[in-house]
Amino acid sequence: NGFGRIGRNFLRCLETRQNSLLEVIAINDSGGVKQASHLLKYDSTLGKFDADVKIVDDGHISVNGKSIRVVSSRDPTKLPWGEMEIDLVIEGTGVFIDTPGASKHIEAGAKKVLITAPAKGSDIPTYVVGVNAHDYKHSDAIISNASCTTNCLAPFVKVLDEKFGIVKGTMTNTHSYTGDQRLLDASHRDLRRARAAALNIVPTTTGAAKAVALVLPKLKGKLNGIALRVPTPNVSVVDLVVQVEKKTFAEEINNAFKEAAAGSLNGVLAVSDEPLVSVDFRCTDVSSTIDSSLTMVMGADMVKVVAWYDNEWG
């Protein structure tokens, strides 16, 4: 539901997976088949999609020969989810992120809803792959996958806390601009996001650090942070500074990350020893890539960790 940055990237990503159990059979987007097919095929950030994308008729597109129905309704209760026997709705509009909103998909006949953003309200459980996904209950009809930044932050925070014990900390998130900002100065509920995205570093709020407590409850009240939106279209970076209980040094911390990346967090966490920049992490599948050269320790108990992530893909 919604075929914007997240919806289109989800479909692109799915097409690269072999033997996936998922099949996209419907898209709800106000743009219709012409917009859906064109924006899926041509992408300013990712380049041309290496797939055969065609308009079949006024209500269908095809991707590599597989037909996908395209509908356009702003009211989820009017969507044909029951008729189409939809198992899972990927809720990617950023609008229906609370129980009353997301439940409209269930009312329309879908079995489950995955919200691709932080949920509003404590009644919707949040799961982050590699952190607490094992707690998932099949009885949950509506779940949240948290934000891109929480998916970056939580895996390596989990390692830090398990190995060294986090006392408290703050995060600065240097984040690429998003569609929620203005291209040129214009009205916005956030006066800073009202300013031209491609011309400014824009300080703004982020709930990502606090949201870590939703998947790692013992860290409730221990983390906070801010975001700086910068003039890049994709890939972001987290700079976390924490006080830890156990005395340590940079190499020991990096080794803990490497051990986790090779073991329990394989495919979720990675460690880079190379001097890379943001564009090098575009379309990186993992949730978080530690930049080992930037790990610092002051006084044996103040730790700085920097991690990259593709905020549209990881």
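Heads up, the Cβ atoms here are built off N, Cα and C, so glycines get one too.
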Please identify which of Arg193, Arg282 is recorded by Swiss-Prot as part of the D-glyceraldehyde 3-phosphate site containing Ser147, Cys148, Thr149, Thr178, Thr206, Gly207, Arg229.
Arg193
For His175 (site 'Activates thiol group during catalysis'), which of the listed binding-site residues (Arg5, Ile6, Ser147, Asn311) have their CA atom within 10 A of its CA?
Asn311
Cα of Arg5 (NADP(+) binding site) to Cα of Arg229 (D-glyceraldehyde 3-phosphate binding site), in Å and rounded, measures 17
By CA distance, which of the binding-site residues (Ile6, Arg74, Ser147, Cys148, Thr149) lies nearest to Cys13 (disulfide bond)?
Ile6
Hey, how far is Thr206 (D-glyceraldehyde 3-phosphate binding site) from Cys283 (disulfide bond), Cα to Cα, in Å?
23
